[in-house]
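Asks: Handing you a structure now.
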Amino acid sequence: MLEVKNVDAGYGSTVILQDISLHVEPGEVVTIVGANGAGKTTLLRTISGLVKPRTGAITFEGKDITKLEAHDTVDRGITLIPEGRQLFPDMTVRDNLLMGAYCRHARDYQDDTLHEVLELFPRLRERLDQHASSLSGGEQQMVAIARGMMARPKILMFDEPSLGLAPIIVSQVFEVIAQVAATGTTVLIVEQNVFHTLKAADRGYVLENGRMVLSDDADALLQNDHVRQAYLGI
Amino acid sequence: MDTFLQIVANGLMLGGLFAIVAVGLTLIFGIVKVINFAHGEFLMVGMYLTFLLSTGMDVHPYLTAAAVAPALFVLGALTQRLLIQPLMSARDEHVQIFATVGLSTALMNLALLVFGADIANTPAHGVRSQVMLGEVRILTGQLWVFGAAILLVIGLQLFMKKTRTGRAIRATAQNRAAARLMGINDKFIYILTFGLGAACVGLGSSLIAPLYPTSPTIGTYFVLIAFVCVVLGGLGSIPGAFFGALVIGLVDALSGFYIGSDLREAVVFTIFLLILILKPSGLFGTRMNLSHVSP
């Protein structure tokens, strides 16, 4: 479904990603784990078109999307829920969610999708007319996820969904991600919270200093010595 | 008392006129984050277009707005696409400001070349006749300008709050990267917004032309006052620009009568400096930086 082949990418003269390859199949939950600064966020930004690869190719459903702008990849069905929520602070929760359904294929269904999404996040129903900036961090993360779902994506990418949240909220976020995956949406998660993420995923990649060093089934990675030592502290 | 009421009425009418210039300026600043120093010259171009169309085709100047506003939309959109957008990657917003200053000078001199330094009088078609509201005398044209300014502000607010495109414009202003992730083409939004801001002043120019003689430098006076209104109302706030304009109109009229007509601008710009020092966010401005959410 999504295939990244031998991609190099970075900002200005700084190279962040080197020779990255990965693939995600329909219905899978795939995770990319790695330490802070490994290049995880840059990888998701490159897939979504916010950063352009220098070499290599990205294809989605068999079509080349390497040079597409961010707003075009959304129209193809690729949605990124960015790190740190990135809500529209002075817009209401409702307007934030409606912005999620801005892309062409989601517009016509926006009322139905809003209804479905609010079933999944009942607490947001009470918050619809509040400004996004007035919500707690956990609620903001829920809005960010709900906004991503409003685009009716084929693949939903999460960038550090647990960042800055209390442990109990982190568990809720991963429950929600499991529910999203259960609806058949393909999921790609980037996380520092390695244990939680590998538990939730089918397969995983380990990114270190801009290079893929490991790739295996999530269960196998949980048993992997290197992963256990470097990321799980076992 | 009658004199006082008359002066207040004059001030409010003047405020309506400032408002119709200031609204487009604050729209462009609030969304594209560019201070458009060529805004006054957009007004000047619109007034010349109104003059040419209304004299050439012998129609009421107000009717020419149907052509002048779209023409100014194109001028604004082209300014964003050809002048500002290539400079956006420069990462230094001052470059964009200097570019609009350059455009301002270029348009002014172009007008001087084409029309000469003589003033052009747009036919009034009755809008300079007076009506009595109680004891107060007002030009019908001033009432039209005032009404149009109110409708423009309400219309823009509804557009920004209630339409998909309006929401996309606000979203782009609040968080550009996130807007792109929603599928919003940010470059297109900027072109559209610059065009809309210019179209607002285009509408204004067709209403102002029959009241004021048109000259290549007419924009300079209006745009300086419009800046004051925009800052007073809070940079980027559309209702703020409107109420700021009313306040400045009143100050202009009252100080002109009670302090001395030579000192009107001194009073207005003293207020401008005081706002910048004491309350830089203006009357309606919430905060200067809208680009983040607290984690």
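Positions of Cβ are set from backbone N, Cα and C atoms, glycine also.
As annotated in TrEMBL:
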- B:12-32: transmembrane segment (TRANSMEM)
- B:39-56: transmembrane segment (TRANSMEM)
- B:62-83: transmembrane segment (TRANSMEM)
- B:95-116: transmembrane segment (TRANSMEM)
- B:136-160: transmembrane segment (TRANSMEM)
- B:188-212: transmembrane segment (TRANSMEM)
- B:218-235: transmembrane segment (TRANSMEM)
- B:266-285: transmembrane segment (TRANSMEM)
Asks: Which listed range (B:12-32, B:39-56, B:95-116, B:188-212, B:266-285) shows the maximal number of Cβ pairs under 8 Å with respect to the transmembrane segment (B:218-235)?
Replies: B:266-285
Asks: I need to check the long-range neighbours of the transmembrane segment (B:95-116): which residues 6 or more away from its ends have a CB within less than 8 Å of a CB in the stretch?
Replies: 34-38, 40-42, 44-45, 48, 79, 83-84, 87-88, 216-217, 219-220
Asks: Cβ under 8 Å, sequence separation of at least 6 from the ends of the transmembrane segment (B:188-212): give me the contacting residues as numbers and ranges.
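Replies: Answer is 17, 20-21, 23-25, 27-28, 31-32, 34, 36, 39, 42-47, 49-51, 54, 61-62, 64-65, 68-77, 79-81, 84-85, 122-125, 127-128, 139, 141-142, 144-145, 148-149, 152, 156, 165, 168-169, 172, 179, 218, 222.
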Asks: Restricting to CB pairs under 8 Å, which listed stretch, B:39-56, B:136-160, B:266-285, is in contact most with the transmembrane segment (B:12-32)?
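Replies: Between the candidates B:39-56, B:136-160, B:266-285, the best contact partner of the transmembrane segment (B:12-32) is B:136-160.
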Asks: Residues of the same chain, at least six outside the transmembrane segment (B:136-160), with any C-beta under 8 angstroms of its C-beta?
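Replies: For the transmembrane segment (B:136-160), the far contacts come to 2, 5-6, 9, 12-13, 15-17, 19-20, 23, 27, 62, 124, 126-130, 166-167, 169-170, 196, 200, 203-204, 207-208, 210-211, 238-239, 241-242, 245.
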Asks: By a Cβ-Cβ criterion of under 8 Å, what residues six or more beyond either terminus of the transmembrane segment (B:39-56) are in contact with it?
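Replies: Here the qualifying positions are 21, 24-25, 28, 63-65, 67-68, 71-72, 75-76, 103-104, 107-108, 111, 115, 120-123, 125, 197-198, 201-202, 204-206, 208-210, 212, 214-224, 226.
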